[in-house]
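J.: Can you keep this structure in mind? I'll have questions shortly.
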Amino acid sequence: MKTLVVLCTLLSIIFASPLSLKSPLVDDFYNPPRGYESAKLGEILKLRKTPGKISSLFIPVEVKNSWQLLVRSEDSFGNAAAIVTTVIEPFNADPSKVVSYQSWEDAANIECSPSYGMQFGAPLSSVQTQVDMIFIVPLLDKGCFVVLPDYEGPKSTFGVGRQSGKATLDSIKAVLKTKDFSGINDDAQVAMWGYSGGTIAAGWAATLQPKYAQELKKNLIGAALGGFVINITATAEATDGTLFAGLIPNALNGLANEFPDFKKRMYEVVEKRYEGALQQGTQHCLGGAILHFAFDQVFTGDHRYFEQGYGLLEEEVFNRTISGNSLLYMGQEYLPDIPIFVYHGSLDGIVPIPDVHGVYKNWCDWGIDSFEFAEDSLNGYLTEIVVGAPAAITWLDARFDGQPVVEGCKKTTRITDFSYPNISDSTRNFFKGILDSLTASQLGPGVTSDNVTLSGLTGFMGGLSKFKKSV
């Protein structure tokens, strides 16, 4: 009976007309007030409850509160900027625990911002944020406040490291000033977590923090980075002409949104017949880009967008911009001052692991205090998203519990990251989180929910599949 209720509810949601949410393009909340430039970094410029309910897989989830903050930040050049960050409070939240989750937005379009895409009623184009919300549910179920910054900022600068890192740090500064309405302690422990494109933000935040946000040293307890993106060129080479070729035009346009000289040169040298195709990289969120650009050859083949191919990346403006936003090429002054946990699949065909080995060697040679590297020999990019998540959650739990971190550097290669030590509870909570999101259960420690069983859910999914085939 429970399964039938869930099935009927889900079907009504799937086939109902989407709720009306204002796009960031027309929502005045995203526009900073006059004179905001004089505000301090991390200062809250505007505050509101999220217009729509938080949702996962386009199904509302029950949390106690959620807010959006407009926060003073800056771009790569130090120019004033205002970014939106979302704060989610679960039931029975622990005001001393905050996780800053950097979603894998991977788009050069502000309508792909997490603050918009995580709400019930968001368009189907926001599917990547809705899927990413699955990984946030277990954190909420553990009582952590979760913060999701629109780290690409108002210009949608996908791939731009400093913009993303600064926005992440400024959003954390802002959240630690919300005690009056959120209850979050100003001395709360804060951890960062991101996968793939989210590691551009979390990774750069970790490297910028010692100089850009020294005051956060007492709060930050570590960063978990999965599918660690540290070399934009390597990802372009790995994905050109593949199913994930859409990452390339999205990233090129994200860089162009921040660097005018890069944009000017890029559109000067693109083959005229492909100029419109390249511009489409500003129109699609990640899911749409994968579909639209599937198997396109941007740098290779007879129908490549750029006649020079990869040789174009050696031009001064291209080389300077791309290498300047790749952590692989950053010097010792970018060494993180907080514990780092990296989990990565050996078979990753989108974010190749050799460059991650390079960053591991560099940071360890330079004397990083704590760097734990979990390499999964059985999994690649897509499967490690799920397989590595319980390891990340386990590592985050240990940080919040005050357990000792790795001293210096430690790299372990396992057949699967499911065998990461002490992962059993985390695995159960992770998959329970997925179940809770599907059944719209109240989230928070100690909350009793009327959930369907796992076998019931399996049957429900099978029934849904048959239903869709019959209509």
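In case you wondered, yes, glycine gets a Cβ from its N, Cα and C as well.
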J.: Identify the disulfide partner of Cys112 as annotated in Swiss-Prot; candidates are Cys8, Cys144, Cys285.
T.: Cys285
J.: C-alpha of Cys285 (disulfide bond) to C-alpha of Asp348 (active site, charge relay system): distance in Å?
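T.: Cα-Cα distance, Cys285 (disulfide bond) to Asp348 (active site, charge relay system): 22 Å.
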J.: If you measure from the Cα of Asn319 (N-linked glycosylation site), which of the recorded positions Cys364, Cys409, Asn422 is the nearest?
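T.: Checked the recorded positions Cys364, Cys409, Asn422; minimum Cα distance to Asn319 (N-linked glycosylation site) goes to Cys364.
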J.: Determine the most Cβ-crowded residue among the recorded positions Ser196, Asn231, using a 10 Å radius around each Cβ and all protein chains in the structure.
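T.: Within the set of recorded positions, the most crowded position is Ser196.
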J.: Counting other Cβ atoms within 10 Å of each residue's Cβ, which of the disulfide-bonded residues Cys364, Cys409 comes out lowest?
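T.: Each of the disulfide-bonded residues Cys364, Cys409 was scored; lowest Cβ tally within 10 Å is Cys364.
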J.: Quick one: pull the CA-CA distance for Cys409 (disulfide bond) versus Asn231 (N-linked glycosylation site), whole Å only.
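T.: About 21 Å separates the two Cα atoms.
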J.: For the disulfide-bonded residues Cys112, Cys285, which one has its C-beta crowded by the most other C-beta atoms within 10 angstroms?
T.: Cys112
